[in-house]
């Protein structure tokens, strides 16, 4: 029977008028045409693909030991895996499919069979989520497979590796020759107990599998899954099942203890009820009375079917007419009969009120469906629907009054209400019923019951299978949101489901603590399946039984009690065995040096602690697994079997230590496991993973991490002038003479000197100094040095005057100050333009022509001032200007005559020679035209050009600059002598802190050195500690590169005395005079307080200098110099070690990973490296050699190195903060996660579409042949993303990956738009994407694997990073000057000294379905903005910070 959709149209309208306005999309007498109440898989008008609406909560996939055992068994032979519901059969199938895909030849497929469409959708979701790297397809009857051709099948299976279908689909394909049994590599039979009699399962095996096997032709491997292989307690049925499936039934009996621990048993209660109809306040069901009356009033001669037959003139139609009238078998008659019968059953089962609501609701849905979809009176089939609708209208049936009491409810319903209200725990419940309609009606009753609804949030779940071409029964009250309810139940938003037997088996739901069998289970198997849903501790199971059927119930109850008793006896047997065996184990592990010891009693707890310290990654199981094996050797019947235990450690443990067996046999599983744990811990100690205190090595490393002190007292700065003065006092020292040229900002040479100093000067970069915020000067010191034979100290005064103009220059600039000016300055300047003398200062009286004589400018001096202060000359004034026009008047201004010549001058600067451009003056320009006024008659003019005075003023900067090079040269000569660094300029950069305000500081080169250090240490540790897990390697690396360790290295090497931290102070500055230095040499060594980070930064800067000077080899030498215990080896050597350690050698790449090499455009020489790189640490499957942890450890450093090298080499050179921003933007987990999701391979595939799909012309209202038309193939491109190749076995990771995939599909376009053309880096979008770290870990593991395979160079890795999009995005960020600063950091800068507060709250969504985050931003206690609707806490902060930045910048 057909059922129809909901509608809000008025029922009083004429149906023919309504119908004639709508063109029917499908024949309403055919398959269901209503899409409003159908799931996508049920709708024949749509694609039967449960894709977007698949449940997000995937079956738990953490492999337990007994599941791994079942996998091993299935790899050896065909098996039927018999395990309780909820114990993880599906995971065994997933592991088996993965193993098959690795070996499966091209052209074969894995065929996964499930008995129902619901299970097809369930298992499709699981396979798709767990094995996303291959094409997986689901095919059911809804795909119209009965009309598929050979071409259709070939297209549908193109590039498909796993196909999930109902058994009838496969059987039909085999029967018609579209699929050959030899093309199947593996067949998985879900709910394999159905394989009996004439079931499609059985026919596939008997008619095709066994026929081919008998002929010795290839046949697929078999894996059956079941929770109850014995049907109706018939043991012989097990033998038949094994024979039919050519498989042996296997249950993990070797792990019975663990299996029982993972399968909780609920307490069992029976509820006896009276099935008789209960009295109803509104009388016996009024609606049912009206419905039966309407049925009795039907006139068969008015039936549309009869009318249409009477209009035909043929013998066939006459025979049909006679039969229809005689038997009253028409659509209308059958529907009314069924409606009345089912309404009566509803009244008996649930009560009269329930029957009234059922009748009114069914009629409402039927009528509303016609309004929604329409029908045409041109077809007699539509005429039947219109006729039936008018019958319902004429019956005038109204909904019952609201349910306020138990009146009108059956005793059975009243009992379930009592059970629910009396249940005193936080419930997670399933109520099993028999009929589809009962689920809807009972759910409605419980939902509208005030007390029940306050305690339970109730949903429904029914089966969705149907046969295409058969009318759907609207009397089933089709529920609209089964999959949504199931998802809400999984997420905890609903805590009770009313469901049919569809939830008995197969479909994965969370563990429950309350199971209600509203209808008695049909057999023991159904009971076992339902009981398996109650896996929580202290669960309850209620069985409802009619008081008239107690005898039948007692027989079933006896079976169930027997089952319980068997399980209880098993528990008791295990306990008795453990108590009976004496623990005679003399062996112990003792460490003589520490006195530590370990016995068998402590071994399991120690081993558990060791595993928990291996890593702190999410989604990784942190506990050992134990396998129990019965030893058959020497076993006699009747003897207690002897056992051995094998402990399995996580894949991050070296393979040789990962599986350890007990040293002897035991009767008790417990003792065998303790023995295995002891042997395992002993092996770990011998391998060096446990220290001499018998504690995990990680614990000791964490304790040994050096704590960086707050500040540290170190040596004072090395003074090179003291060393030079000491050398000069000991004998003649040759002078180093160099040309010093001074030029302006236009590169015009202003003057030239000879710089003389009694020490060899290294090559010096040009010194750029700023005179003020507008003008700069450049001092170039030629690199070609001329060494004089003698020191001018011993020359006469005339010679000194001729060869040393330093004192004159100082007098020009500083003579008016309190500076002591003498002739014994170590650094001397000699003018190339002729001799300079003190007599030339203020030599002549002022005359206008003298100030700018010979094209030069000269200083003027005030002779009335005892210090003879110098001034810049500006103009001549014929008379004294008013005092109001002068910014500052001199003393005695008012007494001087008005009618006299005056000079307008500017004051000589107190401070200049800045290494960095100073800020422009902040004060507003003065309105007074004259800065200073001097009388012309008391003013004199220098006869030395102004540029020499400027040079004198720059002497502090020149001495400071020279001192930097002398300090660096001494550092190179002493501490860094083994490195033979040729570029002293870079050493100057490396030893200067930012606080010194020198021309350059170490921040840029330290940025490079930091990455070089971590890369060198990382690859060396990985190569020299092959047996250590990544977690321990990370701690060892952190210990070697920590600021505390580097600080200690700096002090141990006496590097601290070469670190420049204080800037040049010109106030009180004195030149380095020989006489003063002789006195200082007698003073004790000075001390200073420095930050340990500053000392550590200098070490990293020197490593960077070494790299620039001599590449990685010299950088390794520098690391060896400062951190001798690291003993770094050349990159070629460590790469060869790592490459040689890859196992197994020469392996063939698994078939499912061959596509990955094409995707990344790199073919591995050692395929084992690629397999290791794609293996997540949760993948604890037998045979796994290693996981990607160690490769990720390497790849993280290599990726950082590649990015740092790229940004460091950019021209023009970037500032340190710019490089930090770019590195942060390019190697964070968010962008790497996004890029690995975006990076995909487009594989060709075909979708099977209806012939009339998308073709409105073929959908005529009366045409019923369109369903028979042949389907068509539509070519598609199936994306296979890079992340899908990661092998993992974690339920939580799979769920997180599926949820992240949905977010990625939502955010992909806006993120790509921002990356391609946005002005800002998409921090907020990435925060919403919230890619977990395993995405970036996978990316980095691939980088590490490529380097080990292709190294020791980085070209292959750099090419991979470029293909990923990281390097192109770097160019885009630079080209378009994208704003990269993180919003939270930017907000902190905009706020200045005001405090920024993020007030984050977790709230319910507006629809009450789930939670979201909101954030309010306050700056300085003031509200700025707020955001809502965020998925994550950090996202709310980032979004709020982004908005706050925009608001503050506008202000």
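From the backbone N, Cα and C atoms, a Cβ is placed for every residue, glycine too.
Here the structure is a predicted model, which means the values were calculated and not measured.
Of all ranges given (1213-1232, 1233-1252, 1253-1272), Swiss-Prot attaches the label region 'Disordered' to 1253-1272. When the candidates 1172, 1192, 1205, 1206 are compared with the Mg(2+) site entry in Swiss-Prot, which names 1337, 1340, the shared residue is 1192. Looking at 186-189, 190-193, 194-197, the stretch flagged in Swiss-Prot as motif 'DEAH box' turns out to be 190-193. Feature region 'Disordered', per Swiss-Prot, maps to range 34-53 of the set 14-33, 34-53. The number of other Cβ atoms within 10 Å of the Cβ belonging to residue 1192 (Mg(2+) binding site), over all protein chains shown, comes to 27. When the alpha carbons of residue 83 (ATP binding site) and residue 1333 (site 'Important for activity') are compared, the span between them is 34 angstrom. Within the domain 'Dicer dsRNA-binding fold' (603-704), the DSSP-based counts of helix, strand and coil residues read 39 helix, 20 strand, 43 coil. A simple way to gauge crowding: the CB of residue 90 (ATP binding site) has 23 other CB atoms within 10 angstroms, across all the protein chains here. Separation of the C-alpha atoms of residue 1333 (site 'Important for activity') and residue 1192 (Mg(2+) binding site): 11 Å, rounded to the nearest whole number. Residue 90 (ATP binding site) and residue 1340 (Mg(2+) binding site) have their C-alpha atoms 31 Å apart, to the nearest angstrom. Cα of residue 88 (ATP binding site) to Cα of residue 1337 (Mg(2+) binding site): a distance of 28 Å.
The Cβ neighbour count for residue 1333 (site 'Important for activity'), using a 10 Å radius and every protein chain shown, is 15. Between residue 89 (ATP binding site) and residue 1337 (Mg(2+) binding site), the C-alpha separation comes to 30 Å. Each of 1188, 1189, 1191, 1193, 1195, 1196, 1336, 1338, 1339, 1341, 1343, 1344 belongs to the same chain as 1192, 1337, 1340, is absent from that list, and has a C-beta within 8 angstroms of the C-beta centroid marking the Mg(2+) site. Under DSSP, residue 1333 (site 'Important for activity') is assigned to a helix (H, G or I) in the three-state scheme. According to DSSP, residue 88 (ATP binding site) sits in a coil region rather than a helix or strand.
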